[in-house]
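Taken from TrEMBL, the feature compositional bias 'Basic and acidic residues' applies to 273-291. As annotated by TrEMBL, domain 'SET' applies to 1-77. As annotated by TrEMBL, region 'Disordered' applies to 273-312.
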Amino acid sequence: MPERLEAEMFLRARMSAQTRVFQTCVDTTLVPVADLLNHSPTLTPGVLWSWDAKAEAMIVTAVRAHNAGEELFTTYGARSNMLLYRTYGFTLHPINEPSFTYIIRPHLVRPIMKIFLDDEDARPLILLETSHIDDSLCQMAPSIAAPIGAAWLEQNGRGHVNGEQREVLAKALTSELETKGFPKDTIEKEVGEFLDRGRVSATNLDRLARRVQCSSVKLKPPDVLSARVPPDTEKVMDLPVPNSARERQLRGKATPDIHELARWSVVAAIEKQRMEDEKQEQQLVDRERKSRVQRVPQGPGGGAIEREGERK
């Protein structure tokens with residue numbers, strides 16, 4: 001051992017070893033040949049491994065057919081780039097980063113912040129293990145603690161969005177809404193007005209989705225909802241934006257507006273159809289995964305390929 005070991009060299013050595021070892025039931029082990037397998041960002045790698053504690057052997061199985069000369073990939077699981085770099089010393093291209101890990105631990109930093117900052121200067125912090133900021137985080141953050149979620153959203157582009165952040169957010173919102181089958185011109189119009197109006201928050205994002213739904217659905221007047229009328233007498237009604245909670249309180253328990261009832265019945269039908277479509281898609285994915293598992297190739301002797309493990 002050298003008398004002095006630089007921190008950078010120590011980390012590189014640790015990461016190099018970490019990418020080559022396998023976790024057994026009680027310890028880690030080096031496995032010849034199997035440790036040459038690199039990580040694939042896909043959830044369906046070509047090779048999987050498992051440790052047989054009874055036989056003290058590493059079982060490596062090809063889960064699909066490979067061509068001659070093709071590299072064999074395994075997987076370390078769904079990992080964010082920060083976790084991959086911290087644990088193994090490498091990162092994936094942001095497009096291929098499969099996991100957006102949200103680790104929110106404000107309670108861990110508050111005691112330390114109070115030592116150095118007055119209470120009024122200690123602003124809530126949230127640690128994110130990802131370079132991606134998507135809508136699911138916006139919806140989740142306020143539910144953890146309203147002040148923390150609101151402060152974070154405002155400080156990280158979920159307040160008044162301008163410049164490059166605005167373009168990125170507009171593109172993300174447009175792409176998300178297009179997957180739901182809404183007209184593109186309606187989506188672009190509503191997203192543009194949404195970003196112009198002011199603060200972007202989880203609540204306002206939810207309202208945006210409802211506005212696009214309402215703008216995409218045209219209803220007939222209530223007196224002709226179930227009757228056929230000549231085209232020249234048929235009227236088309238633009239769906240109004242839902243009233244705010246304060247306006248509903250001021251109205252009290254008034255007689256339900258038939259226009260409003262008709263509007264939300266259509267919205268509910270759209271949402272039900274969307275959920276059914278998602279369920280069918282998930283069933284197809286499950287069947288494909290099950291079929292792929294059943295087609296796992298076997299080794300030359302009819303069993304899985306085995307590699308003996310060597311203890312460190």
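In case you wondered, yes, glycine gets a Cβ from its N, Cα and C as well.
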Counts of helix, strand and coil residues, the compositional bias 'Basic and acidic residues' (273-291), according to DSSP: 19 helix, 0 strand, 0 coil
Residue counts (helix, strand, coil, in that order) that DSSP gives for the domain 'SET' (1-77): 15 helix, 22 strand, 40 coil
